[in-house]
Amino acid sequence: MLVALAEFVQREFDYLVIGGGTAGLAVAARLTEDPDITVGVLEAGPAVTDNETINIPGYYGETLGTNLDWQFQTTAQPGLGGRSLKWPRGKVLGGTSALNFMTWNRGNREDYDAWEQLGNTGWGWNGLLPFFKKTEHFHPPESGSQEDFQEHYDQGAMGTDGPVQLSFARQYSASHKLWHATLNALGVDTNKQHLSGSNVGVWTNINAVSPATCERSYANTAYYQPNATRQNMLILCDTIVEEINLAQERDEWVARGVKFMHGNERHSVSVLREVILSAGSVQSPQLLELSGVGNPEILSRAGIQTKVVSPCVGENLQDHFMTAMIFEVDPGLENPDDLKLNENARDAALHLYNGSQTGPLTVLPCSICYVPFQHFVPSETLAAVKATIDKIYGYSPEERSIRSQRFEPNARVGQIEYIFDLGNWNPVFEPESLSGKKYGTILQILQNPFSRGSTHIKPAMPGSQHSGGILEPPAIDPKYYSGQHGELDLELMVHCARFANRICSTQPLASIIRSRACPPPSLVNEGDGESDKEDGNEDTWRQWLRENTISDWHPVGTCAMGGRRGIEAGVVDERLRVYGVRRLRVIDASVIPLQISAHLQATVYAIAEKGSSMILEDRLPRQRV
């Protein structure tokens, strides 16, 4: 239940959860199923229940850059021509699950098995599948729409009584019926079991939307609201956690509670069992560093006393990044841009949605495919990449082997994701004003990038002894396209962009496309993408990619599971316990050691479900300060 400050500070808590987001609310809800366990949740953002831009599917993206978003930005990226990218993160009860585009999918079996190969026992596909299913309540489609829109699924792979409501879309873009046939024509098969361990192929996406209300289903509605009356789950919103209290006992450090700010006043609260850090891939490492856990050089420059030397905190940052290629499309097609440009159309769509839960505000991007590089990248290029992997500095032998296997001639994992939908999704492209033209977008999203960066607290300002604390945004440096690692990504993305161009030049999708608008034909010659002569030389593509690549906002790895290498390679062990600190765990996307070929939310929920079960299995004795 939501409580005021006075009640929160008076209670005794078995567990304190920092972050009431995707993972944090799931952890709190599962732990408090036991009435003898009391959990306190501290969330920086507000509790919101009636915000249309969160709840209505067709308003996806409209919360970005608002007060519900931390509004992080990366450092200037040399690989992107010095550009700094926006990095939205949820600052609201429900976290980023309140801001995302509701896509629900899983990675390939090989993605999760790779975690286990690194020494993280129990984190392979078979170990995670029960926890994927535990979070899901899948609603099968009506038989009529199933064939019309290729709404395929494997019932045995889906959960049916979990809290997150899942369904196929109520309505689709006009382009969706063309998607499967177009990819099939290019040799990409329809995958009728895309949640069963292989997402390779073309398929129609399932969304985190309740079919009963046609509203977003997210951590707030799934894990909090059904349990809002629990007396043993207390949530304090609008609260900024500044530090985890670590006490030294003999020769080890122990998490004893947290210090936080609420209403411009500082407070502290103690914990009897464990502190669970679920602040996400940006702020979980930030809070560890502010609490004295991290690289001594970074902590010293910020004026922070080093308590636990943990050099991997904030390192290993991996993100999906993408480009949006824009095409002029048939202006007679209903287009989501109509709602942005025409107030009357927006009002009419809202009226239709409120009256019958139908119309354009029920439409989500559902035309998806995942393709192995082997399908379109020349074999000699793949061989060269594979040879380079064996020489790249910084990979362990296990990781080098995992990455190298993905470039074997017979490998079949989804290394690039394509999404097509109507509307202009490119923040860089400015369409002609008042031209009457309408646009469609194809995204190409790199799934297993070589680019690897970091996020750290900033050094203390001149004249100050300490960093700016939790309210000072950390230095987020993904290193897109930088160094030897990044050059591999750029080389591969050239081929990905050319294949995207080829998709949109193939029938039947090509029947609704008038011309390519970004990159314009004057920059890169139009063609089917099969040769440099037809679609521009590679240097031109590289420049366009550097100028147009943005984040897909799927950061992982900054508090990674260390596996058999332990603290040399990570921040937490396979039970998500922070190395060097007792009674402190991290449970969120930051523990992922290697990026997956999927949108993150389903995996983050599964991590939270598995982490909760581990806490209950371990159930440490209560210990008062």
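Glycine is treated like the rest: Cβ placed from N, Cα and C.
According to TrEMBL, the domain 'Glucose-methanol-choline oxidoreductase N-terminal' annotation covers 90-113 (among others). Mean pLDDT for the domain 'Glucose-methanol-choline oxidoreductase N-terminal' (90-113) in this predicted model: 98.
As annotated by TrEMBL, FAD binding site applies to V92, T96, V241, W553, H554. DSSP assigns V92 (FAD binding site) to coil in the three-state reduction, outside any helix or strand. Sequence-distant neighbours of V92 (FAD binding site) (same chain, six or more apart, CB under 8 Å from its CB) are E43, G45, P46, A47, V48, I54, T63, L68, A98, L99, N220, listed in sequence order.
The domain 'Glucose-methanol-choline oxidoreductase N-terminal' feature in TrEMBL is assigned to 280-294 (among others). Broken down by DSSP into helix, strand and coil, the domain 'Glucose-methanol-choline oxidoreductase N-terminal' (280-294) contains 11 helix, 2 strand, 2 coil.
Residues or ranges marked as active site, proton donor in TrEMBL: H554. Residue density at H554 (FAD binding site): 25 other Cβ atoms are found within 10 A of its Cβ, drawing on all protein chains shown.
Applying an 8 A CB threshold to same-chain residues 6+ apart, the list for H599 (active site, proton acceptor) reads N100, F101, T103, W104, N105, H554. Look at TrEMBL and you will find H599 tagged as active site, proton acceptor.
In this structure, of the binding-site residues T96, V241, W553, the smallest number of CB atoms within 10 A of the CB marks W553. Residue pairs drawn from V92, T96, V241, W553, H554, the listed FAD binders, are separated by up to 23 Å at the Cα level.
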